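Taken from TrEMBL as is:
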- HIS172, HIS325, HIS329: Zn(2+) binding site (BINDING)
- 150-166: transmembrane segment (TRANSMEM)
- 187-209: transmembrane segment (TRANSMEM)
- 221-242: transmembrane segment (TRANSMEM)
- 254-275: transmembrane segment (TRANSMEM)
- 287-306: transmembrane segment (TRANSMEM)
- 365-384: transmembrane segment (TRANSMEM)
Amino acid sequence: MKKVTLFPAWRGAGEGHGWGWAQCVRWEAGKGGPSRGLECPLWCVLCRGGKERLKQACQRGRGALRLPADMLSLRLPQLFDIHQVPKVFREDGIMSGYRHPRSSALDCILSSFQMTNETVNIWTHFLPTWYFLWRFSMLCTSLDFLTDSYTWPLLVYMLLICLYPFTSSCAHTFSSMSAEARHICYFFDYGALSLYSLGCAITYGSYAMPDCWVNSWLHQHFVTIGVANSLFCTSMSCYSRFVELQFPHKSKILRTAAFIVPFLFDSFPLFYRLLSCCWGSCSPSEALASHSYHLLFAFLTCFLFASHLPERLAPGRFDYIGHSHQLFHVCAVVGTHFQMEAVLTDMASRKDWLMSHSSLPSFPATMGVLVLGILLNLGIIGIFSTGLPRTPRQSTLAHLHQE
């Protein structure tokens, strides 16, 4: 005696397929019969013998898919502890989650989708790159960057705030290919940051100068000094990597100073405007509020970069999420957002006054300076890259085998 039960079953796309009614046949113990309606493995598990039929259906499905062998054998890269990698790859307070020091480019890209001690560093600057590109594209639809020279300083600034997080993300992605590649990746990272400081100097000199400083000696030479600061920043930060292993504290001081000097110089106009408002010489504005938030996050960024907190207090606890470099990235991006908003507000609200009291920005003083800064910084990076000591591949692999 058999009992037939109908279930809705999906038989696939195409003519004659789709949803339909599948039969599930139940037998009493010791009896058998025709196995009609068991073409759907989802429902045949409810019947006697359904488990075996489900296995058969899965095997047929694997054969139908025919995935490439390379895809089936693709594995995420192996991770290492701090004592298993050369010193040049080690970070203070980070005890695990290190990638192979001779990773291939594909391994580096795959590691961005694997939880390592660099994964959050990669994504906290890669995703904001697209946010700034989106904001830039919106500005391109509302402003005339081609013919309106008043917008050229903003054009330089927007290009550079898209460049520096993208360069940082790439540096963190490919820094484990070799010791030399690690240094060169961060050379470009430092160069992008120094160019960002130059972009700030160009933008502040055009839109954020206090009224009483406009046309002064400092205003006229602000961008020139910004170029010098950019070259100083790249040179000092690249040099700091050469003394990092022998004198880590000296290296940290040099690298921190390399970024603080351009920041302080670029921010002088902001400090003066904020202090003037505190003394009652001006009324608070939306731009000054955004500048204040930017400076707050900039100081927090500097503190996190220099202190290595919280991982210094609890080594190994923040290897993957929550260590200082990740927080440093987040604060830097948030600060840049507020800076961008402040620049846009200053640019719009002070346009009439600035155009009537100072000359319009010129192409050589904006895009020309940017091109010059890029070429000079690339030259510095090239000089330091050629001076890197070459580490034989065998020595790196031998270090891993010894550990």
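Each residue, glycine too, has its Cβ placed from N, Cα and C.
Counted within 10 Å of its Cβ, the other Cβ atoms near HIS329 (Zn(2+) binding site) come to 24, all protein chains included. Listed in chain order, the extra residues whose Cβ falls within 8 Å of the Cβ center of the Zn(2+) site residues HIS172, HIS325, HIS329 are GLU118, VAL120, ASN121, ILE122, THR124, HIS125, SER168, GLN326, PHE328. Sequence-distant contacts of the transmembrane segment (254-275) (same chain, six or more residues past either end, CB-CB distance under 8 Å): 190, 193-194, 197-198, 200-201, 204, 208-210, 213, 218, 225-226, 229-230, 232-237, 239-240, 243, 282, 288, 291-292, 295, 298, 302, 305-306. There are 28 other CB atoms within 10 A of the CB of HIS172 (Zn(2+) binding site), with all protein chains counted.
Long-range contacts of the transmembrane segment (365-384) within its own chain (CB-CB distance under 8 A, at least 6 residues past either end) are made by residues 149, 152-153, 155-156, 159-160, 183-184, 187-188, 191, 194-195, 198-199, 202, 206, 223, 227, 230-231, 234-235, 238-239, 241-242.
Long-range Cβ contacts of the transmembrane segment (221-242) within its own chain (Cβ-Cβ under 8 Å, at least 6 residues beyond either end) map to 183, 186-187, 190-191, 193-195, 197-198, 200-202, 204-205, 209, 250-252, 254-255, 257-259, 261-262, 265-266, 365, 369, 372-373, 376-377, 380-381, 384, 387. Beyond its flanks by at least six residues, the transmembrane segment (150-166) meets 125-126, 128-129, 132-133, 135-136, 139, 143-144, 192-193, 195-196, 198-200, 202-203, 205-207, 333, 336, 340, 343-344, 347, 351, 355, 360-361, 363, 366-367, 369-370 of its own chain at Cβ-Cβ distances under 8 Å.
Around the Cβ of HIS325 (Zn(2+) binding site), the same chain contributes GLU91, ASN121, LEU304, PHE305, each under 8 angstroms and 6 or more positions distant in sequence.
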